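Q: Features from Swiss-Prot:
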type     : residues                                     : note
BINDING  : 30-33, LYS51, 87-91, GLY415, 479-481, ASP495 : ATP binding site
REGION   : 524-546                                      : region 'Disordered'
COMPBIAS : 537-546                                      : compositional bias 'Gly residues'
Amino acid sequence: MAAKEIIFHDGARTKLVEGVNLLANAVKVTLGPKGRNVVLERSFGSPVVTKDGVSVAKEIELADKVQNIGAQLVKEVASKTSDAAGDGTTTATVLAQAIVREGQKYVAAGLNPLDLKRGIDKAVAAAVEELKKISKPTTTSKEIAQVATISANGEESIGQRIAEAIDRVGKEGVITVEDGKSLADELDVVEGLQFDRGYLSPYFINNPDRQLAVLDEPFILLHDKKISNIRDLLPVLEQVAKAGRPLLIVAEDVEGEALATLVVNNIRGTLKTVAVKAPGFGDRRKALLEDIAILTGGQVIAEETGLTLEKATLQELGRAKRIEVGKENTTLIDGAGDKPNIDARVKQIRAQIADATSDYDREKLQERVAKLAGGVAVIKVGGATEVEVKEKKDRVDDALHATRAAVEEGIVPGGGVALIRVKQAIAELTGANVDQKAGINIVLRALEEPLRQIVANAGEEASVVVATVAAGSGNYGYNAATGEYGDLVESGVLDPTKVTRTALQNAASIAGLLLTTDATVHEAPKDAPPAQPAGVPGAGGTGFDF
């Protein structure tokens, strides 16, 4: 085990605070509509230019071990806020730095750190309750666009794209972000259920212009095993042929004789069919097949349900208005499933989401809900260079998360004003002793910091703006983008309540832990290896090393 070094008391805290300040100073230059960019070096590929606070924080590793501990603790604030709310990482970092800075003064003056922390916690709890009171729900597409625009650092086109996507697929719908292939941003909306499996043979294509196999009013056969013997399929094929409608086969795999026969019949025009592999793997595959069955009003042909291919009838087959099968995706449009059954399935999956322990499982379950309840929208981010697309994509992701947070818990006036407005509720608090009251005062001062930083980044005098905003009430605040005072909600400067709340709670949590720290234990620096000799005596000054 490597030797450890221990630092105590003020020496430890001072180094930790230095680390906090180094990271926070790099992150906070990005805050607000006039925030600056940060360039991140990459060990390979182009440098990354970003205004995303958490992206900057994640890149920072300091050479000094103790400073690095402080920096990593604040990095945790940014990461946790990003995970919970998807945005507000820079605000959280600025708040954490302010609480640590103010708290350090009181600790150095001899106040009890534990009582300071109790005062901080009391003030934050009161601030959160007040935020909930001043929050109002998002009801219009315009408000959603405004929230997204603010989170995307004032880029209106991103806000409009996200609002349009939510309009099209609903609040439950899946919205994904991809690299575009043009200079402009694009929005693609897939209505109906889409899964990531394409045709098993290009001979199924009947729309060469779009390279798709398109089936109108088809039957849908769902099977959880491989199909290789055509004799298993013949009874179903004969019934479908008599009905005079096309057939989509979704199975674990279709191969050999069975696939060859389907292709030949398709080419001859005897029976229009398309075969695709079932999406997913293992238990997830079974669940997805069941989703498709419920959406199309069919049943999965599986041994577990006592159904076999040989005895399958048209009653067990699903139906849809139209199906489009590409090389990589299959889209089912307007399935014939009963709405009560679909709603019951959605409710069941939502219950599984509540019980899910891993983020991956939760994400996949939410995707299934969206596919059943709404649809899928894809925002394709355009740009002139790879660096520009990457930077813009980060902002679109932030804006998307902020929008979801706004839908969830509502909105408050942005630009740091909401935190100024909750000060009144905190100012009325009393602590159990002088030290706790000092903790409350720490939060009162820290709540001004996001507004101060937004104003400083805009090149204005922070103290004057803070005093003017504090003298106002309600939504009155400073719009840093225009340099004017007014009603921020009317002018579209909004923040999701969840983002502001999460940023404050996470900042106070980590800052409180830092203030109550009295020792650090870290790996001792290794001694430098002895220098190599410049050459070998008698080698004529050749400088060769051996």
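Cβ coordinates come from backbone N, Cα and C, glycine included.
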Q: Cβ neighbours within 10 Å, counted over all protein chains: which one of the binding-site residues THR30, THR90 has the most?
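A: The largest 10 Å Cβ neighbour count belongs to THR90.
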Q: Below 8 Å Cβ to Cβ and six or more residues apart, same chain only. Which residues does that give for ASP495 (ATP binding site)?
A: GLY88, VAL147, ILE150, ALA402, ILE411, VAL412, PRO413, GLY414, GLY415, ALA418
Q: For a quick check of packing: other C-beta atoms within 10 Å of the C-beta of GLY415 (ATP binding site), how many?
A: 26
Q: Take the Cβ of LYS51 (ATP binding site) and count every other Cβ within 10 Å, whichever protein chain it belongs to.
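A: Its Cβ shell of radius 10 Å holds 21 other Cβ atoms.
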Q: Other Cβ atoms within 10 Å is the metric here; tell me which of the binding-site residues GLY32, GLY88, ALA480 scores highest.
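A: Counting every other Cβ within 10 Å of each candidate, the maximum falls on GLY88.
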